[in-house]
């Protein structure tokens, strides 16, 4: 029963959240089982551009460290806020959500070229948290029963918690900065006088990820209408034999 409940919950996750969290868990499991090592995953511009180890552009977003408190903490926040974004403000706009992933990953990678950052998954999680918090400014939050605050303060609370644990806050600041850039370009600037939408999701992403909407003005040919399908005709003949 527990397995069925877990399977049902897993399959009920929206597609992008399921794909990303699964990739993160499987990557960590592969490292834990020593199938691969973190040295094969971390962000290294020299190996990427000179040795053509292109996979590092992706794998550095998938590894959150060995199993432990930090890993589970990151996974909970990643799953929770990625899912709430996908089911909330990005509901029915999977292509736009994927484009946000690509845009955020691109900016973080650019920053990684000039800084000694090896894994960017935590920064990506903070970016998701930041965008969600700015789009839900009036939600009241509670952090471990110690702090009560409104949602826009959540990324800063997480950064303070990371600082208390003795971690560097550069990663958190990077996630906040990239999240703010996306939020400003997507939600703020287009609504200002003279502003316009600068982040346009490529059409090929919409073709791949978004189900095309039905044209309300489409008028099917008589032979294509449901009442004229062979199955319906057979049923009508059985119900009304001559």
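Cβ atoms here come from the backbone N, Cα and C positions, even for glycine.
Note that TrEMBL annotation is computational and uncurated.
The compositional bias 'Basic and acidic residues' annotation in TrEMBL covers 222-242.
Residues or ranges marked as region 'Disordered' in TrEMBL: 212-242.
Long-range contacts of the transmembrane segment (20-42) within the same chain, counting only residues at least 6 positions beyond its ends with a Cβ under 8 Å from a Cβ of the stretch, are 13, 56, 59-60, 62-67, 71, 75, 78-79, 82, 101, 118-119, 121. The transmembrane segment annotation in TrEMBL covers 20-42 (among others).
Annotated transmembrane segment per TrEMBL: 54-79 (among others), in sequence order.
Per TrEMBL, the feature transmembrane segment maps to 99-132 (among others).
Summarising the annotation, TrEMBL assigns transmembrane segment to 153-183 (among others). Long-range Cβ contacts of the transmembrane segment (153-183) within its own chain (Cβ-Cβ under 8 Å, at least 6 residues beyond either end) map to 70, 77, 100, 103-104, 107-108, 111, 115, 117, 120, 122-131, 133-135, 141, 143, 147, 199.
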